Amino acid sequence: LNAAYLDVRMPSQLNVNFGGPAPYLEHYWPAEKGTQLQRASIAVWYTLKYWELIRREKLGVHKAVNYPLDMSQFRNLFNTCKIPGRTRDIISSRFKTESEGSCPTHLAVMARGRIFTFDVVPEGQILTPPELLRQLQYIQDICQTEPAGIGLSALTTEERTRWAQIREHLISLDPMNSTHLEDIQSSLFILSLDSASPYGTPEDYSQIAMMALAGDPTVRWGDKSYNLIAWSNGVFGSNCDHAPYDAMVLVAMCDYIDQNVKACEGRWKGSAAVRELPNPKELVFTVDQKILKDIAIAKEQYYKQASDLQIVNYAFTSFGKQLVKKKKLHPDTFVQLALQLAYYKIHGCPGCCYETATTRMFYHGRTETMRLMQRDCAVLCFRPSMR
């Protein structure tokens, strides 16, 4: 963990984080202007229901065939954040199951360079989508009628040692800055209300994937375990720090949300009643000219690095994994052979690639690297008849 993630000094957001598009646009939530907040309230509600399953230890154990898999990574999906250090980062998790005690229940929302928080489980009851919508509308009204914020979260895109030093200076300016940072770090997750409108269809996720991984750095916290991104046209994505857990944890939760969005046909069918709620609180940091300059530098560096990133995310629709399985092949084997063959046809040599192998059948297991260029693979892909 230390060598792979916490000792790494390069910027995390473009080099380590994972994320991508959510599948909800494939059925009830195609891109549509004016749907951002309404859909976000439903997506957040189902996310909170998933948090509740984990907190109550009701989430079913995942299995590979009949072998149970270690579920400890799910503890780090919520209430978790990476904290920068001068030589090594640390993972801070405030999550607890109900049997272990209480844990933070506030959500952090970022919009137009500003940061807000509010409790989403007051008196032990998760806010309903209409109640969440009320809170999100309050935040959006402020952000649309007042100037944009300073975009402090852009600092999380910095080189890790530099970010640690900037963070130390930020805390030295005002004790409240430390409190605000802890509010962000301990929050359930981040909801990023992004003003962009990426193009996306079930056949082409490229622009959504690009904006999820390399979008506006002022509306996401790069060190947070989960940033749920809601764009202005009602499509969704995510950006997650990789240190606390691996991507299949996020995939499992997104599938849970997707199945529930299908089941409710993308609409809230429950009560429209809204309880009396305190307004969301804005986290206003005390900054100086140095911090403002550091933010500007971080944004400039980030966009320069992002401009060198190319992402293509198309759907292959000619056939799928069922046909491959019918031919007695594993879908992953088929894809990896196709990659090697394509690379060899273009470059005339084998490509260096690997596949992630799970070690979750072992206690606290995560992943291991599986090298794919075997002799049998080379014999098949590089024979003259395949060129």
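A Cβ is built for glycine as well, from the same backbone N, Cα and C atoms used for every other residue.
Those TrEMBL annotations? Automatic predictions, nothing curated.
For His242, the entry in TrEMBL reads active site, proton acceptor. According to TrEMBL, the feature domain 'Choline/carnitine acyltransferase' maps to 2-378.
When pLDDT values are averaged over the domain 'Choline/carnitine acyltransferase' (2-378), the model yields 96. Using a 10 Å radius centred on the Cβ of the residue listed as 'active site, proton acceptor' and all shown protein chains, the other Cβ atoms total 18.
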